[in-house]
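Have a look at the structure below before the remarks.
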Number of protein chains: 2
Amino acid sequence: MVTALELIDVEGVEALSLRRLAQALDRSAMALYRHAENKGDLLDGVVELLLEQVVLDADAPAWQDELRRVAHRFRGLALEHPNAVPLLLARSLSTPLGLRPLGMLRPLEAFLQLANRAGLDDAAAVAACRSFFGLLHGHVLDELQGVVAYPEERDDLLRLGLHRLPLGEFPRMRSLASAMSAYDGAAQLDRLLEALLVSLAADLPPSG
Amino acid sequence: MVTALELIDVEGVEALSLRRLAQALDRSAMALYRHAENKGDLLDGVVELLLEQVVLDADAPAWQDELRRVAHRFRGLALEHPNAVPLLLARSLSTPLGLRPLGMLRPLEAFLQLANRAGLDDAAAVAACRSFFGLLHGHVLDELQGVVAYPEERDDLLRLGLHRLPLGEFPRMRSLASAMSAYDGAAQLDRLLEALLVSLAADLPPSG
DNA sequence: GTGCGTTCATGTACAGCGTACACATACAGT
DNA sequence: ACTGTATGTGTACGCTGTACATGAACGCAC
């Protein structure tokens, strides 16, 4: 499982085949079927391995801080394993909620418990959960988009490959090349979180 | 291209192979290489075909309304073509910004133009752009997650497959089954957009 | 010890994949 | 009529996931 992740990290998701993995483990390809029923099971295993590393503490005293912490931890994980991000985000698109491996559900459960303790009612907790993870996944997805086309170039326009774009149709993108290069993902995530937390606070009973 | 999308719609992304598509078109598999260099090009074509259907008008008079409209249009498209969503979200993870097909860049350019006309400076426009699309992609990603495991079941807990979960470890998820069933994606998207627009308004020069 | 069921690994085989290459056909412009 | 250029076909290669049959190593009852 951990070898599978390493393989993905250095060669990308599509380079992970049963034969390549078996070779890396000095086993035959078929031996892998003793530990996973499918290739899919194997990918789920990788996802679980990653998610184990981002534990949401349902008993955290300050829930806003805990959400910020977990969000940044998740982002960090994505930056460490960019090749695994498609897995992380897309595995659950194909698997119904109740049939997912438990490791993929633990963050959800912990969030819901936290929301509960923070005072949200059922409907608000579900909405908050989807807001939070939607936001998080969306941010990570966008931050990791391959932006740089030619890393060795010094000029921003050339580095991003934006010089290829027709002048007439894409004036803004071309003129914003350097603003795009200066993008700060962590700050951006903070902005999004702040907006979310404000909107969540509005759902709390007025007590405070 | 349109046939490729139809194939994806009814059979899923991974069912789209050159041979299957060629068969659907009554051509040989190799004939497809006259119109696309790669299978990747073909997938890009499908993405472009979809994105053509969600045009952001950079000259819209009320920019907030335009953003809301485009967001909901994109969501609608995703609901119409759920099988194509992985493509829509993941294609750009592997292709540097400047090398993407123009159809994938047009929404970005239009957003940046709109932000410019709304009064945002360069850095704020880029940040807003990533906020907007990150939020949108994240929401769609999360809304489309397969939640229902057994559509024919009447009881929420069984329908979502949540009865499988260990009682002790997942109390909240089990008790929230019906709240999850009542999820309203459009309303959720509106909530997220509202939070974003509030935070964007704060970036505008104080004039109004 | 002997036989047994269970676990784990292997080797072979098959259908399907993307695509490189060589070849055929049809049509446009000279 | 000759010649590109665009389009389609057929064959072939190396790769994929995995079904199936086989075999080795073990704990355990007798």
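The count begins at 1 with the first shown residue.
From the backbone N, Cα and C atoms, a Cβ is placed for every residue, glycine too.
TrEMBL assigns the feature DNA-binding region to residues B:17-36, out of the candidate ranges B:17-36, B:37-56, B:97-116.
In the predicted model, residues of the DNA-binding region (B:17-36) average a pLDDT of 95. For the DNA-binding region (B:17-36), the DSSP-based tally of helix, strand and coil residues reads 13 helix, 0 strand, 7 coil.
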